[in-house]
Amino acid sequence: MEEMAASAREDGARGQKQGRRGCKHYDRGCLLKAQQTCEECSTLFGEYYCSICHLFDKDKKQYHCENCGICRIGPKEDFFHCLKCNLCLAMNLQGKHKCIENVSRQNCPICLEDIHTSRVVAHVLPCGHLLHRTCYEEMLKEGYRCPLCMHSALDMTRYWRQLDDEVAQTPMPSEYQNMTVDILCNDCNGRSTVQFHILGMKCNICESYNTAQAGGCRISLDQQ
């Protein structure tokens, strides 16, 4: 490494004496001045340039968000910065999403990669947790629950009503018809006692089937 550094210094000194550049656009051994165009030949380094991030890129309608501290892909008018979530979000979410303080500083629970600095758009779940949009789409192929809190990740009302019909058309065997069970709802966090059914147990509070059994099955007292 020391030999390589010494060689670079020699190349830089030799280039300066000969009045040439170490490469096409900058001198070796010199302080670099980040800018959008080359001072010598006016070559455009990037259609977009941020003097704060020193970011060169093609024009993707980028903008620098002071609160995020980095450049975002725009256009700027399509996004707003949520101070509590600490992230730029689509305008259609303004006032219509659940905020969790600094939620963007957590890694995506699917791929475990950073969300705040990712160029992949973040998707806000109804519970307020964030996933990469691509991770969200992959998750829906396997399930419908938030991987962090188990809350439904999308509006399941239509599916719950279909499940109502399936439960009504699928009577349990006689030995299970009077059996009840305590459940905990992952959507409203309520507890209720309902009739046991193999297809699912519906929350008595919010009518969601996103529930978990919170105790053993038992025969209803009025049927004993």
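Cβ atoms are placed via backbone N, Cα and C, with glycine included.
Taken verbatim from TrEMBL:
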- 45-107: domain 'CTCHY-type' (DOMAIN)
- 108-149: domain 'RING-type' (DOMAIN)
- 1-22: region 'Disordered' (REGION)
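Counting residues per DSSP class in helix, strand and coil order gives 9 helix, 23 strand, 31 coil for the domain 'CTCHY-type' (45-107). Note on the domain 'CTCHY-type' (45-107): its mean pLDDT in the predicted model is 88. Across the domain 'RING-type' (108-149), DSSP classifies residues as 7 helix, 8 strand, 27 coil.
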